[in-house]
Amino acid sequence: MHSTDTIVAQATPPGRGGVGILRVSGPKAAVVAQTILGKVPKPRYADYLPFRNEDNSVLDQGIALFFPNPNSFTGEDVLELQGHGGPIILDLLLKRILQIPGIRIAKPGEFSERAFLNDKLDLAQAEAIADLIDASSEQAARSAINSLQGAFSSHINEMVESLTNLRIYVEAAIDFPDEEIDFLSDGVIEGKLNTVISQLDDVRTQARQGSLLREGMKVVIAGRPNAGKSSLLNALAGREAAIVTDIAGTTRDVLREHIHIDGMPLHIIDTAGLREASDEVERIGIERAWQEIEQADRVLFMVDSTTTEATTPEEIWPEFMARLPSTLPVTVIRNKSDLTGEPAEITSQGDYPMIRLSARDGMGIELLRSHLKEAMGFNSNTEGGFLARRRHLQALNTAAEHLQQGYQQLVYAKSGELLAEELRLAQQALSEITGEFTSDDLLGRIFSSFCIGK
């Protein structure tokens, strides 16, 4: 057990509802039960009881559940009081519980943090709880459930076990240098190392899919005024999210829409038309547009095809391309093909994909949807997949770098000591995902992002 105090919080969302739940965890959970209920319910059995105030008057009535340690979510004694979901009733009951000495309000994510600290789940599973609550699509929810049930962690634990065994073999090579068999050159270590590298590559691929499901893709629509940017936003969103007129400069601020393409979250951002600003309001809008462009995963460069026959971005607008970050992916959208008679199609112009479409009548929109999925490497078949966060990707990439460095030390430098160190660092990076090696500061940041009752 890592804590001696007892915490309480509302486990259901704020507001009115049919049921409201208060959760208590810690060594005084049984004291709370005795005080509020007049008894400690039989473990893991639902008991319908009155919830009593200090003067023995009834505050509410409902179901009480008691889970003695270690067989509870947090690994501590846990009491759940399930009453009516009125905010006044729940607040009165919460105040009554807080009158009991040694009880305090839980910090955000503290229940999950205690479950982690008491080895009821690892850090990746704890994060999956928050991801399940925040899931924005059915696929994201399924993947979060998989993570909660240990799908991600099992991959990590398997690789950590493989690295442990490999380190033992390498240490043997270091400790017995005079053996007839040259451990570093017999091919066994290289074969084992390649197996772990291959395992890690597979997990990184799955993790990138999981990150897409969780984080989504930020796409910024940019171009000159009246190119059809807002019409494209509306076409992708499937509703009139932006005002569309023939007047150039109608959009003066950033507009955001959140949609899904076969389960992939897509954050679409419509920006003000880029030109020399005619007033201060438009200038601010254009500056905000550039801020969004520079933070995008991909830019849809909108071109009014009735105004130019040029197809490469540098020909169409050299000043725009000169300001773009060189690593930022760009897709050219030649809009208004309904007016030019151009067929809806996707081609490439140099390094840039180009899509001819009509945002107004929807022609070519499905081509764009498919292109965005393909550009991000998204696979809608995520059976057995898991969600991943940016910190997970960073840890996996760090581990991959150390394994590649280790391979160089093995094959070219023939250095067992340096190989052993790279294997240790790779193992440490992987263990940060499940929380085996994680700083208290990182734990605080992770769990503080949870809701209060989790």
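Including glycine, each Cβ sits where the backbone N, Cα and C put it.
What you are looking at is a predicted structure, and each value in this text was computed from that prediction instead of being measured.
If you look up Swiss-Prot, you'll see Arg23, Glu80, Lys120, Lys454 marked as (6S)-5-formyl-5,6,7,8-tetrahydrofolate binding site. The Cβ of Glu80 ((6S)-5-formyl-5,6,7,8-tetrahydrofolate binding site) has 21 other Cβ atoms within 10 Å, all protein chains considered. According to its DSSP assignment, Glu80 ((6S)-5-formyl-5,6,7,8-tetrahydrofolate binding site) is in a strand.
Residues or ranges marked as domain 'TrmE-type G' by Swiss-Prot: 216-377.
The secondary structure of Asn226 (K(+) binding site), as reduced to three states from DSSP, is coil rather than helix or strand. Marked as K(+) binding site by Swiss-Prot: Asn226, Thr245, Ile247, Thr250.
Residues or ranges marked as GTP binding site by Swiss-Prot on the basis of sequence analysis: 226-231, 245-251, 270-273, 358-360.
Taken from Swiss-Prot, the feature Mg(2+) binding site applies to Ser230, Thr251, supported by sequence analysis.
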Restricting the comparison to the binding-site residues Arg23, Glu80, Lys120, Ala359, which residue's C-alpha is spatially nearest the C-alpha of Asn226 (K(+) binding site)? Ala359
Just to verify: the residue among Lys120, Lys229 with the fewest other Cβ atoms within 10 Å, which of the binding-site residues is it? Lys120
Taking DSSP as the reference, which of helix, strand or coil describes Lys120 ((6S)-5-formyl-5,6,7,8-tetrahydrofolate binding site)? coil
With Ser230 (Mg(2+) binding site) as the reference Cα, tell me which of the binding-site residues Arg23, Glu80, Lys120, Ala359 is the closest one. Ala359
Roughly where does the domain 'TrmE-type G' (216-377) sit in mean pLDDT, to the nearest integer? 82
For Ala359 (GTP binding site), which DSSP three-state class applies? coil
Out of Asn226, Ser230, which of these binding-site residues shows the lowest number of other CB atoms within 10 Å of its CB? Asn226
Please work out the number of neighbouring Cβ atoms within 10 Å of the Cβ of Arg23 ((6S)-5-formyl-5,6,7,8-tetrahydrofolate binding site), leaving out its own Cβ. 24
